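Notes for the one structure printed next.
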Amino acid sequence: GRMWAYTMGFTVLPHIGGFLGWFLNRKEIPAWYEKLKKPSWCPSRRVFPVAWTVLYTGMGYASYLVWNDLGGCSSKAIVPLGLYGAQLALNWAWPPLFFGARNLNLALIDILLLDGLATGTVCSWYRINRVAALLLLPYLGWLAMATCLTIRIWKDNPEQKMGKSE
């Protein structure tokens, strides 16, 4: 019974920050995001919650697999789960930076660092649990698209780069 609780806890964890990021910034989407100049290949707003639900579930379950294979919070888990935690923190920080602060400069720096940490997470997990590493590949693909989208919005909306002007 306890392993089931751990499995669920790890799987649900990424959703908490994702949901909070959406909840706190949801009013900025119609008020600000819709008015930004975006490329033709920008996904529809309806795609994002579905994609993030799938990605966070895979990411969370994968983190459970790695944690379990390393015997819990052992010294061997510090780097692989530390990389995961750091990339998750940057993932959660992006919506408040982008939508909340409307700061495209900080959002761009955040997502570029996130790309590096997420890639490092996959590389460190591959030696521990290949299934866990493979579960993160859709996330890396989505991050690549999100990074390109952030760069294009950053380039095409120069007046928005520094954030909200009070």
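Indices start at 1 and increase along the chain as displayed.
Cβ from N, Cα, C; glycine included.
Summarising the annotation, TrEMBL assigns transmembrane segment to 6-25 (among others).
Marked as transmembrane segment by TrEMBL: 46-65 (among others).
Residues annotated as transmembrane segment in TrEMBL: 77-94 (among others).
TrEMBL lists 106-128 (among others) with the feature transmembrane segment. Within the same chain, residues 62, 66, 69-70, 79-80, 83-84, 86-87, 90-91, 93-94, 97-98, 136-137, 139-140, 143-144, 146-147, 150-151, 154, 163 sit at least 6 positions outside the transmembrane segment (106-128) and bring their C-beta atoms closer than 8 Å to a C-beta of that stretch.
Beyond the ends of the transmembrane segment (134-154), by six or more residues, the same chain brings 36-39, 42-43, 51, 54-55, 58-59, 61-62, 65, 98, 104-105, 107-108, 111-112, 114-115, 118-119, 121-122, 125, 160-161 to within a C-beta distance below 8 angstroms of the stretch. TrEMBL lists 134-154 (among others) with the feature transmembrane segment.
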